Amino acid sequence: MKTLQAKLSNKKNNFVPYIMAGDHERGLEGLNETIQLLEQAGSSAIEIGVPFSDPVADGPVIEQAGLRALAKNVSLSKILDSLKSIETEVPLVIMTYFNPVYQFGIENFVAALENTAVKGLIIPDLPKEHEAYIKPFITDKDICLVPLVSLTTPISRQKELVVDAEGFIYAVAINGVTGKENAYSNQLDHHLETLSKLTDIPVLTGFGISTLTDVERFNKVSAGVIVGSKIVRDLHENKESDVIKFIKNAINF
């Protein structure tokens, strides 16, 4: 079992914050500081976004964070260089669209992840049918390709998505972009329970989660939550103490 899956399988109430690499007043020089803060608060893993000019799955908060990072000339190459010097016991998960990876070179990208704390990849615009672009390069590495499973995904398709999944299953709690609040289907709890029965891999819920009420709800029917827009917004507004408090409360339900 790879590191990411082992870490998330060992407990319930997993909390995975999302941050945008380079969205800091000191740009990428502040990345390590943010990771250490999130680790010390009790994060199970940390999702690190790569800024992209056409972020189709991102809501306005994360899109603006990406634009701020791009304005600081943050790139995938520079992020990978920064990660080499970051030491953390918490597994890092890179969230990137496929184009930056393709432009960088897939084999070069995976090679650059060696000797870093990166243990997972999320590529939202890479469908299951095209995973062969990536998987041959990570099969023998301690890196997982994390699938996203939408609320509207038919059961037959869910089975295909989770059959050989590693790390965790990213259950998309809403239809649409990240950051939407209070748009949850009343069928969501059933959806998550059904999905969890299809796999032994931890199922984590993300998209739109912004309150402790949301966290408590989804911790009951999945292995934990991924919180993006709230974390990104609070960090941008220098509310680090709020972030720490939120995470500590979230993992102690």
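Yeah, the Cβs are placed from backbone N, Cα and C, and that goes for glycine too.
The model shown is predicted, which means the values in this text are computed figures rather than measured ones.
Pulled from Swiss-Prot, these are the features on record:
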ACT_SITE  Glu47  active site, proton acceptor
ACT_SITE  Asp58  active site, proton acceptor
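Within 10 Å of the C-beta atom of Glu47 (active site, proton acceptor) sit 25 other C-beta atoms, taking all shown protein chains into account. For Glu47 (active site, proton acceptor) paired with Asp58 (active site, proton acceptor), the C-alpha to C-alpha distance reads 14 Å. Note on Asp58 (active site, proton acceptor): other Cβ atoms within 10 Å of its Cβ, all shown chains, come to 26.
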